[in-house]
Amino acid sequence: MSHAIDELQAIIADLKTELETEPKSSVGVASNSRLARDRIDRMSAEVVDSNPYSRLMALQRMNIVKDYERIRDKAVAIVGVGGVGSVTADMLTRCGIGKLILFDYDKVELANMNRLFFTPDQAGLSKVAAAAATLSFINPDVEIETHNYNITTVENFDRFLDTISQGGRIAGQPVDLVLSCVDNFEARMAINAACNERNLNWFESGVSENAVSGHIQFIRPGDTACFACAPPLVVAENIDEKTLKREGVCAASLPTTMGITAGFLVQNALKYLLNFGEVSDYLGYNALSDFFPKMTLKPNPQCDDRNCIVRQKEFQARPKPVVIEEKAVSEEPLHATNEWGIELVAEDAPQSNPTPAETPVMGEGLRLAYEAPEKSSETSEETVTAATADETSLEDLMAQMKSM
């Protein structure tokens with residue numbers, strides 16, 4: 001009897017493994033009744049209904065991104081495929097990212113249905129398997145790799161380290177970016193340690209316990225503060241890990257807050273990967289007051305992570321970029337005591353005769369209402385005669401009147 005039970009358990013284990021490795025065969029995940037589109041070799045900017053990349057490639061035409069198709073050369077690792085991580089993976093897949101590497105060891109539950117990604121028929125599946133099936137159906141051009149294990153254990157941490165170090169689009173190259181979408185302190189510290197050791201840039205993200213605020217933080221080892229540079233509750237209040245994890249998990253969760261946080265995360269990831277716009281070092285969100293704080297956190301010289309100290313020294317040893325300052329050209333006044341440039345003219349200075357205006361060239365059907373009279377030579381002579389007469393003395397005028 002016990003032998004038969006062991007055989008049945010072995011069969012069940014094999015079926016579970018097959019279910020995770022072949023997610024498309026799962027009921028409701030990506031059923032055969034839904035026909036997936038064919039793979040597309042190159043992104044096209046052609047505006048047709050059948051082109052899923054036309055609106056993305058329009059970013060080039062609008063001079064936002066220089067070469068959007070470079071996104072196919074990028075590999076991104078997402079740790080945590082929950083409320084924020086699943087939506088992040090969905091957005092990057094729709095943007096046409098080259099490769100996604102998903103890490104999570106949890107299963108889909110009905111309690112997750114208030115999120116934006118998973119569906120009730122996926123309950124019981126591992127999150128990475130369910131996500132991979134759905135994402136592959138959305139965009140078959142994206143290479144998706146899944147890892148169903150806890151990265152915080154010693155053995156799995158080494159596997160995680162090797163994956164992000166050699167899992168890039170080019171074999172043996174590191175990933176281009178790591179996105180942390182986990183909900184506990186221990187996992188964040190594991191990601192922080194791995195990225196500090198391998199000198200990889202990464203984004204940390206999170207949503208508050210009351211579900212009305214969130215944040216993202218861009219961490220560049222040595223340049224900005226790592227997650228261990230400002231240790232939170234564990235060091236400050238000596239709280240054990242179980243208590244911290246219970247407090248850190250969102251007791252409440254809103255799909256709106258998670259969607260906004262995921263949107264901030266992907267938006268800044270795209271800006272970093274495609275080199276456009278300004279990447280925020282820290283961006284927060286408070287839903288109650290619609291407040292979006294931004295700041296930059298400098299690394300702690302006494303950080304407990306020794307690799308962080310090494311990266312800080314390496315960053316300080318780098319040559320600083322030379323900033324060429326343009327010298328301001330001082331405009332000296334025309335006159336030292338006359339800043340308005342007013343010029344004085346003597347009363348006996350010769351007056352320049354104004355040049356008569358030229359008759360403008362009129363279009364067909366147009367004529368001038370009147371023409372200015374031209375000064376003739378006769379008019380000038382009369383003027384001279386009148387001026388001469390005006391110079392006659394009073395006695396001469398009296399004599400002329402008496403003789404009349």
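Cβ atoms are placed via backbone N, Cα and C, with glycine included.
The feature ATP binding site is assigned by Swiss-Prot to GLY83, ASP104, LYS127, ASN150, ASN184. There are 26 other Cβ atoms within 10 Å of the Cβ belonging to ASP104 (ATP binding site).
Taken residue by residue with DSSP, CYS226 (Zn(2+) binding site) is part of neither helix nor strand, so it is coil. Within the same chain, the residues at least 6 positions away from CYS226 (Zn(2+) binding site) whose Cβ sits under 8 Å from its Cβ are ASN192, CYS195, ASN196, ILE219, PRO299, CYS303, ASP305, CYS308, listed in sequence order. Taken from Swiss-Prot, the feature Zn(2+) binding site applies to CYS226, CYS229, CYS303, CYS308.
Marked as active site, glycyl thioester intermediate by Swiss-Prot on the basis of similarity to another entry: CYS250.
Taken from Swiss-Prot, the feature region 'Disordered' applies to 372-393.
The feature compositional bias 'Low complexity' is assigned by Swiss-Prot to 382-391.
ASN150 (ATP binding site) carries neither a helix nor a strand DSSP state and counts as coil. Long-range Cβ neighbours of LYS127 (ATP binding site) (same chain, at least 6 residues apart, Cβ-Cβ under 8 Å): VAL81, GLY82, SER86, LEU102, ASP104, ASP106, LYS107, VAL108, PHE118. Between the CA atoms of ASN150 (ATP binding site) and CYS229 (Zn(2+) binding site) there is a gap of 24 Å, rounded to the nearest whole number.
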